[in-house]
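Asks: Straight out of TrEMBL:
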type	residues	note
ACT_SITE	Cys2	active site, nucleophile
DOMAIN	2-221	domain 'Glutamine amidotransferase type-2'
DOMAIN	290-441	domain 'SIS'
DOMAIN	462-603	domain 'SIS'
ACT_SITE	Lys608	active site, for Fru-6P isomerization activity
Amino acid sequence: MCGIVAYVGQKEALPVIIKGLKRLEYRGYDSAGVALLNESGLSIYKKKGKVSELEAHLDTFSSLNSKIGIGHTRWATHGEPNDVNAHPHYSASEKFAMIHNGIIENYEVLKTDLQNKGYVFHSETDSEVFIKFIEDIHRNNDCSLEEAVRLALHKVVGAYAIVIMNIEEPDTLIAARKGSPLVIGVGEDEYFLASDATPIIEYTNKVIYLDDYEIAVIRQNQLQIKTIENVETHPYINQLEMELEAIEKGGYDHFMLKEIYEQPRSIADCMRGRLDASSGRLVVGGLRDYMNKFQNAQRIIITACGTSWHAGLVAEYLFEEFARIPVEVEYASEFRYRNPVLNENDFVIAISQSGETADTLAAIELAKSKGATIFGVCNVVGSSIARATHAGSYTHAGPEIGVASTKAFTAQISVLTLMALKLGYQRGMIAETRYMELLHELETIPGKVERALQLNEQLIKIAEIYKDARNFLYLGRGYNFPVALEGALKLKEISYIHAEGYPAAEMKHGPIALIDEEMPVVFIATKDSSYEKVVSNIQEVKARKGKIIAVVTEGDTTVKNMADHVIEVPSTEEAFVPLISVVPLQLLSYHIAVMRGCNVDQPRNLAKSVTVE
Ligand code: M6R
């Protein structure tokens, strides 16, 4: 939520910042702004809307040359999206400018205090309060800006990643973080700062992940990091492995489509080096030191949000089927406030694409405080969740830029499948021959996903028919129940059509009342242990004249005779079906959203990385 970029070095700062903001736009696109410092002083330019609108606004100015600058793309928390609430914000004297990603929870108290001292506020944001609070400390204590920031950070409650420019130190950026991500790119005589590495990768692959409660003072050729207790730290410089093309559209109209099509590769990448069916080798590196805890856990608790929570539901079926350990799947936002019963025998798995989701992070901290072992399944390398957990495995899906999660979902399920099989085998719950069968089948999944992608033309035709529907129902059972939830979420978040996912058998307990000839119902009815039951549910919908779109196993003839449309996917083991059956649902949502003229990569009101609770 909110993307921040900053630069100090020899280059023109503005193009670096604008390009960076475009890469970070997935984090929020309510407004965008930059602050630049040159002979004319410290100037802020900001605009409601996307970075392209800021660019158009900047075209009307001359003399924007500057070797230092900060930029922000906003997902509104305090105050509506408009020019005034856009970042950066000036301090009262306009000597400092600040960008902020996060939420200051005690901003109202600070604001009242400052107002009593005569400070005037122009925006409704907590961030304007934050920078004015820093300036107030700076004035009252007659100290350096760095010291003022340090003192302020002891007083603010909440989450932040901030970068500040100071007219009196025209070559210096001051940055700090707690709870919101901040990456420093280390170049030759230049530094980059950003909410993630995507704006940086083009210039350098050397990065430092700033830790919570650290303050960095950055000059063209000098970087110093201290804790807020004023203790100098010696940061580790990481080498990024990300390639530039991974964060570009590569000829596709949208990132979402590109990411859907990347799934055969991303699933294979996730399994690469971990699975070798011919030798029976299955290694989940992150588990090595915790296998004992995992095997002997009395309970597995999975916590996540959104699509990652759906991947957690699939994992519940996987772990219970293969490892016979009871599993609970928890919305992180509920779990963190529920005073859950937890102890050191619980194994908690936190799933997150971004690795920054505030609720998931808080759930991890809670579980840690109760002594549980926490294992992270994250996509973004070096992310906060990846660093907050005891151990973990990366999904290796590569950067996911489209706000709607697609390849991250299948990569999460892939890692969780590997974990479930490993655990089941180690616990003696899967016989050797069956284990080998499963490993061999798992290796075929990327190829089968490739075949599912060939259904695209058929899905375009179905999308054309239903693009104006006002509601959709998605129904599935067993492993396909979470797929139904995911299909509905994909459709609603990018096309703004109301969609609900349900376990197919629950339909008769309420949703069936919605069914008439206007209602498209998507069944995920692959040949599995609940197939016959789902077929009965299809009959029930047909009897009420609902329109039936069914995802079935290749060669199915029963459903063909009942459904208005059948989408045939390759057959596989029941436990691996979600990896394939979700693909046509992703494509259907994508095409419907495009046909309705929606911005599929940046749906309204959403942000990719939800760093507020
Ligand atoms: O980064 P995370 O996986 O923790 O994010 C969780 C959700 O915000 C995310 O999955 C969201 O539901 C997606 N936009 C769904 O497509």
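For all residues, glycine too, the Cβ spot is worked out from N, Cα and C.
On this model, are these features tucked inside or out on the surface, and what's nearby?
Replies: Its own atom aside, the Cβ of Cys2 (active site, nucleophile) has 28 Cβ atoms within 10 angstroms in the protein chains shown.
Mean per-residue pLDDT, taken over the domain 'SIS' (462-603), amounts to 96.
DSSP assigns Lys608 (active site, for Fru-6P isomerization activity) to coil in the three-state reduction, outside any helix or strand. Neighbour list (Lys608 (active site, for Fru-6P isomerization activity), Cβ cut-off 8 Å, at least 6 residues apart, same chain): Tyr26, Arg27, Ser354, Glu400, Ile401, Val403.
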Asks: What are the helix, strand and coil residue counts for the domain 'SIS' (462-603) according to DSSP?
Replies: 69 helix, 30 strand, 43 coil
